[in-house]
Amino acid sequence: MKHLISIADLNKSEILGLMDEADRFAEALEGREMKKLPTLRGRTIFTLFYENSTRTRSSFETAGKWMSADVINISASSSSVKKGESLRDTALTLKAVGADAIIMRHPSSGAARQVAGWLDDTAIINAGDGSNQHPTQALLDATTMRNRIGEISGKKVVIVGDILHSRVARSNAQLLTTLGAEVVFVAPPTLVPLGIEHWGAEPDSVRVSYDFDSEIADADVVMMLRVQAERMHGGFFPSHREYATRYGLSQARAERMKEGAIIMHPGPMLRGMEINYDVADAPQTVVLNQVTAGVHVRMAVLFTLLVGEEG
């Protein structure tokens, strides 16, 4: 692996290898008063974010620092991008100052792959490109699932919400079906994109339902997605109240889930919209477990790209 741009670039063995590596990092750090490993000492990592982020950016920064790398954060709003500098010139500048890896988030689909083409010898990690891909989110979601409910093969994962604008949904569909899960998307018709049947590892390996209540009782995982109003131009549903009634995870719906099933959300959560306030804090909700797994998964990705077989 030279870059991590899309889940589609990984085979099953590589996916499981990253998940296993993440678990090893979790074990290595468990019980340590000082969470510091020498793994990436002397390496320089840049985070280059053209969109806002809390979880992903802080998670990558923590992952790099826990492995003793120098991590430098670049925000588009406070860099020469604000003066009109192109993405290519920004990327070449970071390479020239010694970047071993660039972790980037960009509003345009395909931006990370383009940068990887320009900087072949610098590791590029896609932290989200438009509505296209978010590979480390899918890896941490799968790691969280496996740690809570066991092997993913044969499990039913119901992903509910704004599928149209969700890079998380796309990446999860590819990863989970590669590992043998059944993936069901639930959303209003206006938030289901064309070509969704091709999102899985094989044609027609995912399906769409418009009835949340008919899918929840036998689900092993219910993953709620935020309505991305910032990417919407025009009305996609009549009202927030109607959306919450038909597609929100209410207390009543959560109570219909089978024993041992878990609730996930990539964040940020809109409490009262796609998820009930109390459900968001319920024991079966593993949002904070996802955040914790995110650090270990991103440590695994950085280690694999920057050390690999050297380690």
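First residue shown is number 1, and so on along the chain.
Any Cβ shown, glycine's included, is placed from N, Cα and C.
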Carbamoyl phosphate binding, same site as R55, T56, H134, Q137, G267, P268 - Swiss-Prot member from R24, R88, R105, R241:
R105
For carbamoyl phosphate: widest Cα to Cα gap among R55, T56, R105, H134, Q137, G267, P268 in Å
16
Can you tell which of the binding-site residues (G267, P268) has the fewest other C-beta atoms within 10 angstroms of its C-beta?
P268
Quick check for the class: what is the C-alpha distance, in angstrom and rounded, between G267 (carbamoyl phosphate binding site) and R226 (L-aspartate binding site)?
7
Around the carbamoyl phosphate site (R55, T56, R105, H134, Q137, G267, P268), what further same-chain residues have their C-beta within 8 angstroms of the site's C-beta centre?
S53, T54, A127, G128, V168, P266
Using Cα coordinates, what distance in whole Å links H134 (carbamoyl phosphate binding site) and R226 (L-aspartate binding site)?
15
